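Peer 1: Below: one structure in structure tokens.
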Amino acid sequence: MLQDPMDFEWSYWIEWGRERILWLLAGHLLVSQMSRLLVEKYKPWCLMVYGMAACWLLLGIKGFAVILLHAAISFAVAQFQLSLLTWLCSLILLSTLRIPAVEETKRKWYDTENEYYLLLFTVSVRCLFCTSFSLEYCWHAPAQKSSHSFLWMLAYVFYYPTFHNGPLMNFDEFSKQMRRQEAFSVKTNLSIFIVGIIRIFFWWCLAELMIHLMYIHALYSSALPLESASYWALGGLALAQVLFFYVKYLVLYGVPGLLLQMDGLKPPALPCCVSLMHSFTKMWRSFDVGLHRFLVRYIYVPMGGSQSSLLGTLLSTALTFAFVSYWHGGQSYLWYWGTLNWLGVIVENGTKRIFSISLIQDLI
């Protein structure tokens with residue numbers, strides 16, 4: 001049976017997974033379990049070395065050098081302990097991914113476009129990891145700097161399960177959990193692994209059924225069927241698309257999430273079903289939990305958040321969505337998407353404030 005080929009993200013990661021990434025993740029699992037069993041104390045460094053080797057193997061020496069250079073520059077700038085300077089450095093590094101001359105140079109490193117895109121996606125995600133580490137470095141006292149060494153940054157940046165596509169885990173959470181030494185139980189880990197594999201296989205089968213039977217993305221790529229469809233049909237197509245997006249990320253985040261559990265870490269919660277959501281705020285809090293924690297900790301709260309004035313709240317929320325739009329690529333449609341989400345969150349929070357007034361509550 002023919003499948004719908006129009007969802008680039010699903011086709012792309014499934015192809016890479018079958019070719020190499022799943023094998024490299026299996027190698028990570030083997031190294032992780034052996035280090036937990038034999039040398040628990042050195043587990044972060046074993047996983048760091050494996051992650052660097054996997055990066056070198058998949059992205060080549062030049063791709064590896066780019067990620068290492070980003071980490072080194074971020075660490076050097078963090079030494080000034082100025083959050084604003086750290087953010088400026090992160091945005092400049094992120095902007096280099098969109099310079100045509102740099103893009104063209106990187107494309108020449110690889111034989112196929114897919115290999116270049118893998119570097120692009122990986123570096124984009126690594127930028128967030130470098131930013132998280134650097135800001136935590138700026139905020140911690142000198143006595144805690146030993147736990148924020150360059151070696152720890154490399155262990156965090158090159159941690160392989162989250163390497164190419166996330167999910168995002170802030171450095172303070174990663175470091176705290178990675179340092180914690182727990183009793184290792186082969187039986188417990190095996191049961192976690194078996195249950196996790198069954199769940200991921202079910203989600204993958206469901207996503208493949210949707211790709212082979214529903215043709216949601218193919219319908220969206222042509223104006224003719226959309227123009228002839230009723231409003232009910234268009235609504236159904238929109239719902240089907242977001243449901244597929246949800247199932248897709250159960251797989252894409254479920255695989256690294258399972259490996260995080262096997263490593264003794266607590267992964268960010270998997271996306272909440274979109275059918276259970278009725279607000280923009282809940283969508284942002286519970287779909288990509290790792291990204292939400294990053295945005296709240298490093299942008300929203302430092303800018304004042306809900307504790308500031310109305311204007312301060314509007315500004316901190318706007319900056320949060322502006323960064324999300326820019327990080328995703330900065331194309332015009334992403335700015336529209338970010339603006340609409342910002343307006344949705346503002347309207348919801350404004351309505352909550354109005355309904356919290358005692359006079360309004362009495363009227364209700």
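Cβ atoms are placed via backbone N, Cα and C, with glycine included.
TrEMBL feature annotations, pasted as is:
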| type | residues | note |
| --- | --- | --- |
| TRANSMEM | 20-39 | transmembrane segment |
| TRANSMEM | 46-69 | transmembrane segment |
| TRANSMEM | 75-95 | transmembrane segment |
| TRANSMEM | 116-135 | transmembrane segment |
| TRANSMEM | 150-169 | transmembrane segment |
| TRANSMEM | 190-211 | transmembrane segment |
| TRANSMEM | 231-252 | transmembrane segment |
| TRANSMEM | 310-328 | transmembrane segment |
Peer 1: Contact between the transmembrane segment (46-69) and the transmembrane segment (75-95) is defined here as three or more C-beta pairs under 8 Å separated by at least 6 residues; is that satisfied?
Peer 2: no
Peer 1: Restricting to the same chain and to residues at least six past its boundaries, which positions have a Cβ under 8 Å from a Cβ of the transmembrane segment (116-135)?
Peer 2: 12, 16, 55, 58-59, 63, 66-67, 70-71, 74-75, 77-78, 83, 86-87, 89-90, 93-94, 97, 106-107, 109-110, 148, 152-153, 156-157, 162-166, 168, 170-171, 294, 298, 327
Peer 1: Give the nonlocal contacts of the transmembrane segment (150-169) in its own chain as ranges (CB under 8 Å, at least six residues past its ends).
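Peer 2: Contacts of the transmembrane segment (150-169) (Cβ under 8 Å, skipping residues fewer than 6 from its ends): 13, 16, 21, 24-25, 28, 44-45, 47-48, 50-52, 54-55, 67, 71-72, 74-75, 118, 121-122, 125-126, 128-130, 132-133, 175, 178, 252-253, 255-257, 259-260, 263, 265, 267-268, 288-291, 293-294.
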Peer 1: What stretch of 20-39, 46-69, 231-252, 310-328 shows the most Cβ pairs under 8 Å to the transmembrane segment (190-211)?
Peer 2: 231-252
Peer 1: State the residues, same chain only, that lie 6 or more residues beyond the ends of the transmembrane segment (310-328) and have a CB under 8 A from a CB inside it; answer 'none' if no residue qualifies.
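Peer 2: Same-chain residues near the transmembrane segment (310-328) but 6 or more away: 91, 94, 124, 127-128, 291, 295, 299-300, 303-304, 334-335, 337-339, 341-342, 345-346, 349.
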Peer 1: Which sequence-distant residues neighbour the transmembrane segment (46-69)? Criterion: at least 6 residues beyond either end, Cβ under 8 Å.
Peer 2: 20-21, 24, 27-28, 31-32, 35, 39, 106, 109-110, 115, 118-119, 122-123, 126, 151, 154-155, 157-160, 163, 263
